[in-house]
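Comments concern the structure below.
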Amino acid sequence: MEKVQQTIRAPRGTELQTKGWVQEAALRMLMNNLDPEVAEKPEELVVYGGIGRAARNWESYNAIVDSLKTLESDETLLVQSGKPVAIFKSHEDAPRVLLANSNLVPKWANWDHFRELEKKGLMMYGQMTAGSWIYIGTQGILQGTYETFGEAARQHFDGSLKGTLTLTAGLGGMGGAQPLAVTMNGGVVIAIDVDKRSIDRRIEKRYCDKYTESLEEALAIANEYKEKKEPISIGLLGNAAEILPELVNRNIIPDLVTDQTSAHDPLNGYIPVGYTLEEAAKLREEDPERYVQLSKESMTKHVEAMLAMQEKGAITFDYGNNIRQVAFDEGLKNAFDFPGFVPAFIRPLFCEGKGPFRWVALSGDPEDIYKTDEVILREFADNEHLCNWIRMARQQVEFQGLPSRICWLGYGERAKFGRIINEMVANGELSAPIVIGRDHLDCGSVASPNRETEAMKDGSDAVADWPILNALINSVNGASWVSVHHGGGVGMGYSLHAGMVIVADGTEAAAKRIERVLTSDPGMGIVRHVDAGYDLAVETAKEKGVNIPMMK
């Protein structure tokens, strides 16, 4: 990948570079994904998650920008793995952009084949929100991480992480949310990363409190704050596959253990034991096969240590990076003895059609987001947990790129909020249109047997019809852009998932599209879980009037 040193920043204000606000939204969100405040390696078009890119290469990026600038309001741009391939006449209620990223026929859906295609310039890895142009920085996963640790606290620690120590690793674009999510729940956390730049970035953005290169110092600080029952987050420079076994040997067992290293990609995401970043980069280039094998061996040691900690009493869970699968394939037959975070903590929310709903102020004015915060606090005042999240986010979350907010809203709530936002744009309360979207990690848009659909009640973990149906219904209902991706979160061969974005531009046409899309999208989550036999989903469907032909 050619590196290009240029600073990309989304335009602000109300002056259009395109022929309509929906096209403008797509352009600004693509550019926002590559803002240095947002992206992990913008010079390589990498947004987050190892090699999750916004466009296939710089030539494709420039062609996408040019296409969006000339796209009519009754045309649709097609993007194939980060490359613009066609513009067709459609209609004003159709999506302005349709994206398909990283999709491979199942028999060939593996990293080796993907890398062959990538080398030839035929494919890119879109992760989830990188290639679908709706990444908002670490805040994008923060509330989900907060909810996960909050539910762990409710199940195991009397509702709070006060006086507990969490041990984790991985402080990239996704994992970087962990330190703040733990301290928001009152706990102490040691978060390990091999890359000092990642820790520095989290400290700079106020997601992490302290930095150290010493395990002894990290433990001393952690013990001090644990005894005081005060929250603190410590970024520890090192390799988790070395540090976790060392702690097991010393019989130092945390209360909670998880991991968010980029284990989904053994070549580009994980650093083997005994290698500096520079040495790893050299080996990756010279002998990728040996690199991958060393990575897998290190991951196996990492998982062995997590299992040992679980055996000694630590609440241990997988945070969706496929590290258990790698260890299992390497011969560690009990790798799946600790659960994934979705079946352990999140699935009841999915049954209610809840998931990570986000919105972005295209104006670039933080005041627009603060006004929408007030809407949440007013309209959902009976949901104290949600309101508490909004108040904490306002105080503690620093915007990256265009101002944005995330919160978990359910069926009915999303459409209600979307209607209000559109009205606020129409009457001038907000200074420019708002982009509404979500992560692909949502209640009805993913098939991922080692993550979102792990341990489904009816055994339908690997059924991938659901994300396809999700993308189809959102497209016909008028989402502004819709994406279908493969391999996000857990790597090639292990997931299919869909994303959607809808623009609230204040028009009556947008109001109708918002009502349709923000009903069908979370509705798919309820439908998917009703079909799998979850009683809570059935109750929710009946209460909300979701029409499911064979529901009993």
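A Cβ is built for glycine as well, from the same backbone N, Cα and C atoms used for every other residue.
Pulled from Swiss-Prot, these are the features on record:
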ACT_SITE  C407  active site
BINDING   49-50, Q127, 173-175, D193, 239-240, 260-264, 270-271, Y319, G489  NAD(+) binding site
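Overlay of Swiss-Prot annotations on the structure.
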| residue | record | contacts (Cβ under 8 Å, 6+ apart) |
| --- | --- | --- |
| G49 | NAD(+) binding site | Q127, M128, A130, G172, G173, M174, S262, H264, D265, G269, G488, G489 |
| D193 | NAD(+) binding site | A169, G170, L171, G172, G175, I199, G235, L236, L237, G238 |
| Q260 | NAD(+) binding site | T168, A169, G170, G172, M174, G175, Q178, Y319, G320, N321 |
| A263 | NAD(+) binding site | G269, Y270, M299, H302, N321, N322, I323, V326 |
| I271 | NAD(+) binding site | V194, D195, N239, L277, A280, S295, S298 |
| C407 | active site | Q143, F357, I376, L386, W389, I390, A393 |
